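K.L.:
I have a structure here, written as structure tokens, and I will follow up with some questions on it.
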Amino acid sequence: MFFNADYGTTGSHLYPLYRIFYNVYFSPLANLPGPKSWSASRLPFILSLLGGNIVKDVEKIHRKYGKIVRIAPNEISFAHVDAWTEIFQGRPGHAPYSKDPVWWGKQPGQAESLLSANTEDHARMKKLLGHGLSQRALKSQEAIVQKYVDLLIERLKDMAARRPEGAVVDMVPWFNYTTFDIFGDLAYGEPFDCLQHSAYHPWITTLFKSVKAASFVIAARFYPLIDFLLMKCIPLSLKQMAKDHISLIEGRVERRLGWEVERPDLMSHIIKHNNEKEGMTLEEIQATFIFLTTAGSETTATALSGTLNYLAAYPDKMAILVKELRDTFARDELFTLDKLQTLPYLNAVLNEGLRLCPPVPIMLPRVVPDGGDTICGVWLPGGTSISLQAWTLFRDPFYFHDPTKFHPERWLPEAAETTSPFYRDQRQAVQAFSVGPRSCLGKPLAWAEMRLILGKILWTFNVEPADQTVKWEQLKTFLLVEKKPIEFNSATFFPQDHNIDNNPTGLWIPSHPRLGATRPMAESYDAVSEPIPISVVAGRYLLFDINVVTYLRRTHNICGVLIGGIPQVPQQNVFLGLPLELIPEEVKLLVEKEVAYLVDDNAWHAERFSTLQGEDRRKYLDSLRSTGLNAHKAKDVAAKQRSKAALAKQAIKQAHSKSTSKDKSKEDERPGTPDSQSPDTSFDDGSESLFSSERPSNPTPTPSSELKPYFVTPTTSYIPSLLPENPSPPADPAVTSSYPLFAHLHSRGYYIMPGLRFGGDYNVYPGDPLRFHSHFIATGFEWEQEIPVLDLIGGGRLGTAVKKGFMIGGKDLDSESGDNVRTFCVEWAGM
């Protein structure tokens, strides 16, 4: 029998028509709704994918044909809330749905990763990685996250100061800079330095350029022959670029695994918990972190970009959120992840942002196991590709009231009330981090980043969109969302003074450029004006006014050291009262900034007192005597109150002892006697104000109409009307060679205290030392000065032992930074 070539040619021409006819009318999926063109061939799906329109096209199909539709010859898409449970969560008695290898297959030449692993391997990897990405681990990682968010705020301020008037700022790259730097530090112990250089790292630039190419790779996999030919046609230069791209992450992984220092990052947990039975190989760790670097950074930046874009489009919602943030936090150092988690409107805004701008809007394909299964009431044969597209489900009018509009109120507790328009919303339909065994491991970290970044930006700045906001519905999706610039006026981020009076919204807004937002000052120190006199007494720099001390601490990060006693509770070795002594570095800094000036206290008092004559002199002396008498009287009152309290307590004990030792019937025979009455236990707690105590026996004369009274308190010996107007200042304080380092750290918002207790020049705090532990032990050197090796070893060992960085720094005249100061940190890694 001979084969006729004409029949073969005819058959090859007819086979595609046969497949189209079969797919539309005879396939087991033929009874499911959907456009005939998409059911007949995979080609419409691929064209939509390559054009970046797949998300919107699938949404249109669902809106026309229903919750369960056919979008390819062998693929079914669900827009049904129960699909989360039935496909992803898993059901008893049903085999799990594995990931579709067309979408999630491992990369050639790489080991299996968390993304591509089968069910058993995935469970093993997730268990190991989960230690470092848990809510518990996040508490120890909070300082790292806070550090980069604070750096973002500083960079935005610096950038705004350099931009010309009328310039705009695109927030999309800034969100990416921050999230990639955070993940770089948490994953590898070294950031990508995007914030440091205000630019993308080359690795990230390559990543974004390759996203569209990844869509072509997935499209080719639907046709194995095309996929094979495509792989063969890739130029060697592109293959080398891809290899270098992978090698950078592999190198970072190996370096971090080789460190012998423990720090609160992901690798520390992997090193601690990795073992042969339940651990991961080096190749699996490397392949997984290539995927996690993108998944743990770009997706969070997308959610932040979309949320801020919607807030800009809905200024009334932004005003509510800004008020919540600024009413909650008086200073930026009070921002904590635990506190942010309790803010209802902030969380509602982010939930609504995730609903309208899901970081992964595209479908998440799975494969029906052999033998077939029923999903959402529809039976599907084994091997069918099934997916749930977040974008379509999250905007379904069946599940959400007014689904395309930004309504954070739908996530507030009030939405559960029957009178709420959002009462019938099915909020469980929104699962931006997926559900089940393969849900997102980094959910706690992502939520922490979103709350902290968005919260601090809106708390610090009054953001103002430059023009029209981005229409998120019009963005294309190539696996990841192709974001357009989200622009704001650069003046938004310019550090400037604000107050409630000139704020059209009536909201409380920032009042100091470095500290960010601060509450309006209390009346007690609101009247402090600059420059402030600093008393020089016997070569020491002292402040006697509590209002000035409070003002400098809250406004200029100046701490000083209390060196005085408290009259009511005097102690010889505990100094908790005024005056406050400043170190020379603090004084020089304040003088250079024209915040303060120096006064020779002894000479000034002698000079000014000699000018007081008659009634002025008598009133001043009477005021001093009155203050001293009040202080002594307050001390005596406090002592008497303590004695009275002790006697009352003793009387209670004696009465109780007597009542238990006597027969109750005998007690009843003597009613009304003093022993039967309860002792008077009421007493003053000794907190009477120093200034409300009894008038002294030698009263101050009534002031005349011509002379104003002098108010001299235990906090100051200055007469306000006689403060020196044009003093002859003492010489500027002599400072050590470490002063440039001090000024450098202070300019970046740190609080600085003397560092003698840890053997350094300074202890450096990220916020007020009353609330924070120090982060660094800092020592300054001349740039050309030789540093003894023992100093490095000793400082490094001590810093590591007490969980602080040992910082060395100095002024490098060749440096291009603003203040020419460069710093380095030393960690002790063991012998």
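Positions of Cβ are set from backbone N, Cα and C atoms, glycine also.
No curator has checked TrEMBL annotations; they are predicted automatically.
Found this in TrEMBL, in case it helps:
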- CYS440: heme binding site (BINDING)
- 644-658: compositional bias 'Low complexity' (COMPBIAS)
- 738-810: domain 'tRNA intron endonuclease catalytic' (DOMAIN)
- 631-711: region 'Disordered' (REGION)
K.L.:
Give the helix, strand or coil assignment DSSP yields for CYS440 (heme binding site).
P.N.:
coil
K.L.:
Could you give me three numbers for the domain 'tRNA intron endonuclease catalytic' (738-810), the DSSP helix, strand and coil residue counts?
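P.N.:
Per-class counts: 25 helix, 19 strand, 29 coil.
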K.L.:
For CYS440 (heme binding site), which residues in the same chain are close in space, meaning a Cβ under 8 Å from its Cβ, but six or more apart along the sequence?
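P.N.:
Within the chain, CYS440 (heme binding site) has Cβ neighbours under 8 Å at ALA295, PHE433, SER434, ALA446.
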K.L.:
Limited to the domain 'tRNA intron endonuclease catalytic' (738-810), I'd like the whole-number average of pLDDT.
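P.N.:
Per the prediction, mean pLDDT sits at 88 for the domain 'tRNA intron endonuclease catalytic' (738-810).
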